[in-house]
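Record features (Swiss-Prot):
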| type | residues | note |
| --- | --- | --- |
| MOD_RES | Lys187 | N6-acetyllysine |
| MOD_RES | Ser190 | phosphoserine |
| MOD_RES | Lys199 | N6-acetyllysine |
| REGION | 86-90 | region 'DNA/RNA binding' |
| REGION | 177-198 | region 'Leucine-zipper' |
Amino acid sequence: MSVSEIFVELQGFLAAEQDIREEIRKVVQSLEQTAREILTLLQGVHQGTGFQDIPKRCLKAREHFSTVKTHLTSLKTKFPAEQYYRFHEHWRFVLQRLVFLAAFVVYLETETLVTREAVTEILGIEPDREKGFHLDVEDYLSGVLILASELSRLSVNSVTAGDYSRPLHISTFINELDSGFRLLNLKNDSLRKRYDGLKYDVKKVEEVVYDLSIRGFNKETAAACGEK
């Protein structure tokens with residue numbers, strides 16, 4: 001094989017990979033659009049009357065996740081399953097955003113942390129890499145950390161809306177998250193930096209709870225703060 005033939009063959013490989021990446025990008029754009037729609041819907045809980053609409057907004061968000069499932073099913077067909085990490089950077093950020101959105105819905109519904117397995121059911125993907133298109137552990141953790149930031153904001157807006165018990169519940173939840181993350185030996189630089197922001201979320205929520213306790217707005221909050 002001549003030098004020119006070698007490079008012609010290599011160009012064929014490069015062109016084929018570029019075609020795959022372009023197909024992936026198209027699906028990811030659709031995923032990003034649906035994620036924005038879900039986020040816009042859930043952001044409404046921060047408004048004055050948004051707390052009254054939480055069940056309705058969560059139900060509507062779950063309907064949007066059926067569209068997410070469709071897009072992810074399409075994405076799976078765009079590349080060989082064994083090459084997941086070769087193209088992972090294309091959907092990594094939107095998948096982390098979708099984890100956050102799924103976790104936010106579950107928290108609003110039950111005030112609990114969604115498991116990685118439950119997220120994969122909501123998204124219609126696999127929990128284990130051996131089974132193909134899956135939810136990477138670090139992507140799940142990144143989504144959970146985004147949730148913590150969102151909940152710290154919600155604690156402030158809860159007070160504005162006159163819901164004085166919610167910040168206490170959020171404080172308990174975020175402190176449990178912080179304790180959980182302390183058990184992990186995080187090697188990923190991006191994940192470590194995002195985890196560094198969790199302490200500020202914890203502090204922000206604790207300040208809200210403390211402010212409520214000294215102002216006597218909530219007996220439950222005051223009693224909890226007195227126990228600390």
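For all residues, glycine too, the Cβ spot is worked out from N, Cα and C.
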Rounded Cα-Cα span from Lys199 (N6-acetyllysine) to Ser190 (phosphoserine), Å: 16
Cβ contacts of Lys199 (N6-acetyllysine) (under 8 Å, same chain, 6 or more positions away): Asp178
Counts of helix, strand and coil residues, the region 'Leucine-zipper' (177-198), according to DSSP: 14 helix, 0 strand, 8 coil
Around the Cβ of the residue listed as 'phosphoserine', the count of other Cβ atoms that are within 10 Å: 12
